[in-house]
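For reference, the structure is listed below as C-alpha cells.
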C-alpha cells in the first residue's frame, strides 16, 4: 500500500507540473500584463462618452509608382503614421522608455479606422512580415505606423493634353467615427507631409506637395474630418513633340512638295497626296489609342486635325489645278482648230501616263525632252546619225533652265499655294503654342 501511495503521489506531482507548463501557453504575455490589456474593453474608443479623441496624422511619401490616363488613377506608396493617447495603455517605467511592438498586438487594442476615400486598391506590405509598427509610451501616448501602397482616383482634365497640369489628391478619413467621436488633424501642420527627394516620374514633373484638411458630410451619419494630400503634376512635352507634333509637321511640309511638281505629273502628285493623308490618319489613331475616350476636344486633337486639314487641302488643291488645266487646254485646242478626237486622245494620254502630248507648244518648252518626248523622238528617228551637235547643245542648255521651265509649266494656283499654305501654317503654330503654353 505504501508503494502504491508513493507511485500515485509522484504521478500527481508530474501531472501538476505538466499543467503548469501548459498554462503558460495561454497566459498573457509579459508586455500584455504590463499594459493591462485584459483589464479593459478595447472595443470602445479612448474616452468613450466624452469629448472626441484627437488623432494626429503625418505622411511620408516614398514613391509615386504610376499615373494612368486611361483609368484616371494613380498609385502611391507611403508611410502612414497615427498619433493618439489611450490612458488604458499607460504603464510604469523607471527609465521612462517606450515599448515597441509589431502587428500582432494591433488586434487586441483600439486603433483609428482611417481609410482612403476614392481608393480602388490598397494593401499593407507584408514582406518579410507585415510592415506595421506600434510604439507605446508610459503616459499612454501611442504611435501607429503602416507602410501602404494605394491606388486612388484622380479626376483629370485632358482639354489641354499634352500641355496639361493635373492636380490629384489622396484623401484620408475615419470610416466609423464622425467628428463627435474622433478629430482627425495633421500632426505637424504643413510639415506633416514629407516626400522622398528621389521621387521622379517618366511623363510628369512633380511641381508641389501640400497638405490640407476639411469636412465631409454624409446624410445618414453626419460630418467627418477629412485630410488631403495634394500634389500637382506637369506633363513632359518632349515625348509628345517627338511622337506626335514633329511627325505631323513633317507630313504637312511633305504635302507642300506637290506644289513644286509639274501639274501634268498626275501619278506623282496624287500618290504623294494620298500617302501623306494616310500617314496623318495613322498618327491620329496612335494618339487616340493611348487616351481615354473623353467627349471633349483635347489640345493635341486640335493640332492633329488642323494638320490633317492642311494635308487634305493640298490634295484638293491639285484636283482644282488638274481640272482648271483641262479646261484651259480644251479652250486652247478649240482655238487652234484641233479636232475633238485628237483632243480627247491627248487628254486621256496625259491622265494615264502623266505626259502632255500637245505638239503645238512654245519653242522654249519644245527643248524640254522628258521621257515621253524622248520615246516619241526615238520612234521618229530613222537613223541615229541625225543627232547632231546643235541638239546636244540645246540639251545642255536645258539643264540650267529646268527651274524656269517647271515654273512655266505650273498653274497659277500652285504659285499662290507655295506662299499661302506655309504662311497660314506658321501663323497657326504661333497661335497654338502661344495659347496652350
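In case you wondered, yes, glycine gets a Cβ from its N, Cα and C as well.
On a predicted model such as this, the values are computed, not experimentally measured, just so you know.
Per TrEMBL, the features are as follows:
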- 37-236: domain 'Neurotransmitter-gated ion-channel ligand-binding' (DOMAIN)
- 237-260: transmembrane segment (TRANSMEM)
- 245-332: domain 'Neurotransmitter-gated ion-channel transmembrane' (DOMAIN)
- 272-291: transmembrane segment (TRANSMEM)
- 303-325: transmembrane segment (TRANSMEM)
- 419-436: transmembrane segment (TRANSMEM)
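Non-local neighbours of the transmembrane segment (237-260) in the same chain are 162-163, 203, 269, 272-273, 276, 279-280, 283, 286-287, 300, 303-304, 307, 310-311, 314-315, 317-318, 406, 410, 414, 417-418, 421-422, 425; each lies 6+ residues outside the stretch with a CB under 8 Å from one of its CB atoms.
If you look at the transmembrane segment (303-325), the same-chain residues 6 or more away from its ends with a CB under 8 A from one of its CBs are 244-245, 248-249, 251-252, 255-256, 258-259, 263-264, 266, 269-270, 273-274, 276-277, 280-281, 283-284, 287, 411, 413-414, 417, 421, 424-425, 428, 432. Within the chain carrying the transmembrane segment (419-436), a Cβ under 8 angstroms from the stretch's Cβ atoms is held by residues 160, 163, 252, 256, 259, 299, 302-303, 306, 310, 313-314, all 6 or more beyond its ends. Model confidence over the domain 'Neurotransmitter-gated ion-channel ligand-binding' (37-236) stands at 91, taken as the mean pLDDT rounded to a whole number.
Summarised by DSSP class, the composition of the domain 'Neurotransmitter-gated ion-channel transmembrane' (245-332) is 74 helix, 0 strand, 14 coil.
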